[in-house]
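Annotated features, as they stand in Swiss-Prot:
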- Tyr18, Cys59, Asn64, Asp96, Leu97, Ser135, Phe136: S-adenosyl-L-homocysteine binding site (BINDING)
- Gln25, Trp157, Gln260: benzoate binding site (BINDING)
- Tyr150: site 'Involved in substrate discrimination' (SITE)
- Asn168, Asp254, Phe256, Asn257: Mg(2+) binding site (BINDING)
Amino acid sequence: MEVVEVLHMNGGNGDSSYANNSLVQQKVILMTKPITEQAMIDLYSSLFPETLCIADLGCSLGANTFLVVSQLVKIVEKERKKHGFKSPEFYFHFNDLPGNDFNTLFQSLGAFQEDLRKHIGESFGPCFFSGVPGSFYTRLFPSKSLHFVYSSYSLMWLSQVPNGIENNKGNIYMARTSPLSVIKAYYKQYEIDFSNFLKYRSEELMKGGKMVLTLLGRESEDPTSKECCYIWELLAMALNKLVEEGLIKEEKVDAFNIPQYTPSPAEVKYIVEKEGSFTINRLETSRVHWNASNNEKNGGYNVSRCMRAVAEPLLVSHFDKELMDLVFHKYEEIVSDCMSKENTEFINVIISLTKIN
């Protein structure tokens, strides 16, 4: 499985689409806003750029993508008015892997721009937008061309399934039953990928450029902690139920692993300091409930739809597409039972960085 070819959120605007099932991600963007705001204010008030080049890495599609743009434009507009400056030209780069539904994203752009003008008037910008398909673990932009890099809920995804994890039987991710070699392989891949991410962004950002990165993580130093692995453990249970029913072969589940690593703040800090291109301004964690909706009765249903929007393309690349309704129906039942007994939350790691040279 080539991750770059199959990793993307469900496209379009249907019932299982990411656009309609990304309330958790929206809440996280809103929770992170004070950190984003401070980073952008510091950037603008130190450089006062006439053109502001911003990249959203792992942008996906839907309202959340435009929420980020709206936040950043409003922050800059408020700050430049304080100083009596003319509005800069905004250049937004939307980056994601090639399988992302860029068509749906750009079809929504006109309505978004019209709505933004209604809220903040006609005096800002102009704004320019481009799509940049490709892996953010490679070079994406010309040298020193960016002022600001933003990424939310993307950097926990790995560039590939780690090597040497064939013995992770019965699991689809790191779990308490995973051999130590599997845990080490996951961390090794994460360290390689995040180091590359920092290296390439340091080449693309100008001196004093900022990054605000939010990713799924954990507070515990145990990489198999329930706070980061449980959501995938429950999906493995759903798949294994279909094995018991003879609908999926056991070896198919054994051969499937999620290309993701959810780091602790200490691991993030260690890699940033080791790579050496950035100073850390802030490094924090936050929590958000699995069910971001206010409707507690349908918690399992909401979580199942959210996870389907995220994970279905990966699953379809390995399992029969016709089984997806059944997989996520079983997943909904398992998640509902779990949520009735336990407090279920995602842990977010947020880091604000400044490029040194």
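A Cβ is built for glycine as well, from the same backbone N, Cα and C atoms used for every other residue.
Locations of recorded Swiss-Prot features on the structure.
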| residue | record | Cβ contacts under 8 Å, 6 or more apart |
| --- | --- | --- |
| Cys59 | S-adenosyl-L-homocysteine binding site | Thr65, Val68, Phe94, Asn95, Asp96, Asn100, Leu105 |
| Phe136 | S-adenosyl-L-homocysteine binding site | Leu57, Gly58, Asn95, Ser151, Ser154, Leu155, Phe197, Tyr200 |
| Tyr150 | site 'Involved in substrate discrimination' | Thr36, Ile54, Ala55, Asp56, Leu57, Val68, Leu72, Met211, Val212, Leu213 |
| Asn168 | Mg(2+) binding site | Ala175, Ser178, Pro179, Val182, Asp254, Asn257 |
| Phe256 | Mg(2+) binding site | Ile172, Leu239, Leu315, His318, Phe319 |
| Gln260 | benzoate binding site | Met156, Trp157, Leu158, Tyr173, Leu216, Trp232 |
Mapped onto three states, the DSSP assignment of Trp157 (benzoate binding site) reads strand
For Gln25 (benzoate binding site), the same-chain residues 6+ apart in sequence with C-beta under 8 angstroms from its C-beta are Asn64, Ser152, Tyr153
Around the recorded Mg(2+) site (Asn168, Asp254, Phe256, Asn257), other residues with Cβ within 8 Å of the Cβ centre, ordered by sequence, are Ile165, Glu166, Lys169, Asn171, Ile172, Val253, Ala255
Out of Asp96, Asp254, the listed binding-site residues, fewest other Cβ atoms within 10 Å surround the Cβ of Asp254
Span of the recorded benzoate site, as the biggest CA-CA distance among Gln25, Trp157, Gln260 in Å, is 17
Same-chain neighbours of the benzoate site, Cβ within 8 Å of the mean position of the Cβ atoms of Gln25, Trp157, Gln260 and not counting those residues, run in sequence order as Gly58, Tyr153, Ser154, Leu155, Met156, Leu215, Leu216, Val310
Neighbouring CB atoms within 10 angstroms of the CB of Asn64 (S-adenosyl-L-homocysteine binding site), all protein chains considered, total 22
Row Asn257 (Mg(2+) binding site), column other C-beta within 10 angstroms, all chains, value 24
